[in-house]
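*Asks:* I am attaching a structure below and will ask some questions about it afterwards.
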Amino acid sequence: MSSEQPAWTFGLFTPDQNKQAPLEMNENAINSLYEAIPLPQDGSSNGQRQEDRQANSFELKRETLVATDPPRPTINLDPRVSIYSGRRPLLSRTNIQGRVYNFLERPTGWKCFVYHFTVFLIVLICLIFSVLSTIQQYNNLATETLFWMEIVLVVFFGAEYVVRLWSAGCRSKYVGVWGRLRFARKPISVIDLIVVVASVIVLCVGSNGQVFATSAIRGIRFLQILRMLHVDRQGGTWRLLGSVVFIHRQELITTLYIGFLGLIFSSYFVYLAEKDAIDSSGEYQFGSYADALWWGVVTVTTIGYGDKVPQTWIGKTIASCFSVFAISFFALPAGILGSGFALKVQQKQRQKHFNRQIPAAASLIQTAWRCYAAENPDSATWKIYIRKQSRNHHLMSPSPKPKKSAMVKKKKIRTERDEGSTDKMLNIPHITYDHVADDRKNDGYSVESYENTVRKPFGFLDPSTGPFIRTSSFTDDLDMEGDTLLTPITHISELKEHHRAAIKVIRRMQYFVAKKKFQQARKPYDVRDVIEQYSQGHLNLMVRIKELQRRLDQSLGKPSLFLSVSDKVKDKGINTIGSRLNRVEDKVTQMDHKLNLITDMLHHLLTNQQGSQSIRTPHRSNSLNSENHPSRNTLPTYEQLNVPRMTQDNIS
């Protein structure tokens, strides 16, 4: 292998030397573990190889499988994970059941919306024709049209019920006969079955030619009303209503209880006041307590039919007072339910916005952990880049394969017929592993394992096994004689330092991308959410400010604690900084006062001493006595006091 060949790639193989695949790293050094397959440099060798393969087409049909994918870009991924593969996904019975079940029971997308909306329109049109059949002017036309529409709807809903029952087998709890019975016991399934069976009975028994009997038309109208329940098969509206009522059950019970008490009392007092009153026609308006209750229900619900009206002024006064009180309580449940629905919708929007953050947060956590785990060279995080060797799938088998079954041969011929035209458009034939269905008996592969293999993400360091050929012919062995295969990594020790460095760089980039996506998912989605976020932030800020103020008051102290006259209040703030500073100021003031007093005394004594020295006494005895017994009031002068201190300062 020349030094210009790429030593290794991230699971990609580039047949064109001028175009390099993304995430490809080139090295000049020869790597024994990763060697690229040398490709022919001119077109003549390609044509010669193509002619040789066409000459041995019969033998290749028996022993090899040549991939004939449609034209695709120069990047050739592994055939199991190639996004350019022309193979259609395998359709099985379980797969079809799941798709039909999701289409009918879990509608998502515009196709499901169009189907279910069309069914709703058909049911609504049938109901409109049923209403028109009650009008004398449109009776004949509506009845005849309704007859044929009922036949079509019965056949359609019957077939749909059977399909729903069959498709429910894709779920584990509806598998088998007992599972189907469990599915048929669902309330909406029971309603569908009743509508279908009753419609068939009405069409068979209650019709004469193309005309319905009167009783049959009544039954058809009732069944058409039941068909409207078919629109909401999931019961989302009923669940939403039930959740709102359950959340606000306490408020609803309170208002209904008080309103019911007001209804009973108002009806009873009006009955006592109006039981003997006679109206203009000579009849009793409130002849019984039941008439009074009917009047109360009509009044407090703000319907007001006017069939029962109080006649006396006492009854009118009682009715006015109780109506204002009772009507207000009977109107409260509507407001409670309305606010509950609004809060429920807002909660669903927030939950939907929060659900968008879960994948972004999980991706961020995963990428952060992988960046952390990549720092350890012996970590198990490197195992995802290692490909396990297949035990039963050998390349270049020396022994010929046994004969395939007739079904496998037909499938191979059909695949070659569908994709044979695309093989001529390729300059280099892409040869892959045998199809999974061809090696099912020998290699033990299944459709489920194939689908799981396709879904499994491959590491970008897995070298592409490239276009391989499985053959035992001597001619093809000569063709592949000079080719060198890329050896897959089978152990962590085979990962080089540049491999690990590239993995760390890519993981760090994935971390930054996941972080950006998570920050975008965390952004508020509504103005109300922004306002709530700001109000929550303001509340947190005020809480922190109050906590800081409390700590400052605890450390510094409030002025009212240490400036108060009461000793009990002073004791509360004795350990605060303010109290200590206040005590220091008091001590400084006392010291200043004492120093002023001492200064005045010294000045007074100095004045007295100077006056006593000016008067000289002639008696020596007095002078001797004064020398031997100095006066207690005699103090040193200011200069005498300063001289030792100045001397001490000079010494220091």
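Positions of Cβ are set from backbone N, Cα and C atoms, glycine also.
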*Asks:* Does the record in Swiss-Prot have SER167 and VAL244 facing the same side of the membrane?
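*Replies:* Topology check (Swiss-Prot): SER167 vs VAL244, same domain name.
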*Asks:* Please give the sequence-distant neighbours of the region 'Interaction with CALM' (504-518): residues at least 6 beyond its ends with Cβ less than 8 Å from one of its Cβ atoms.
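*Replies:* That would be 23, 357, 360-361, 363-364, 366-368, 370-371, 374, 460.
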*Asks:* Count the residues of the region 'Interaction with CALM' (360-372) that DSSP assigns to helix (H, G, I), to strand (E, B) and to coil, and report the three numbers in that order.
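*Replies:* Helix/strand/coil tally for the region 'Interaction with CALM' (360-372): 13 helix, 0 strand, 0 coil.
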*Asks:* Please indicate, using numbers and ranges, the residues of the same chain that are 6 or more beyond the topological domain 'Extracellular' (274-289) and have a C-beta under 8 Å from a C-beta there.
*Replies:* 267-268, 295, 308-312, 315
